[in-house]
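Per TrEMBL, these features apply:
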type	residues	note
BINDING	Gly71, Thr74	Na(+) binding site
TRANSMEM	29-50	transmembrane segment
TRANSMEM	62-80	transmembrane segment
TRANSMEM	92-112	transmembrane segment
Amino acid sequence: MNFLFVALGGAVGAMARYAISLIPLKTEFPFLTLITNVIGAILIGFIVGITSSRDGISKNMVLFWKTGVCGGFTTFSTFSLESYNLFEHNHCLLGCGYVLLSCLGCILGVMCGEKLAAIIN
């Protein structure tokens, strides 16, 4: 049964990520992946914050949101490919900026998500 919740959440997350990828941007900098991953980091921080302080939350719902939705929505492989492509095409400054912004943005996103959960709790 756990696989079903993960699969359903993954489908929701993947469809949301695909919807964001349809936003037309004409730039070499991969803003959409950065935004997607930061939103996912905020969401997983929020989920962890909410579920760690409340009793009675279904393990299946945690799997649905944390592993399924967040896992299907965020994309480390695309981040890795886009980083590689920036460096491969001699856009070293953009590549370094992307890696730095992605790492810091996602860590700050998790922190913000947990803080938001603490405010709500």
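Any Cβ shown, glycine's included, is placed from N, Cα and C.
Listed binding-site residues: Gly71, Thr74. The one with the lowest count of other Cβ atoms within 10 Å of its Cβ is Gly71.
Secondary structure from DSSP puts Thr74 (Na(+) binding site) in coil.
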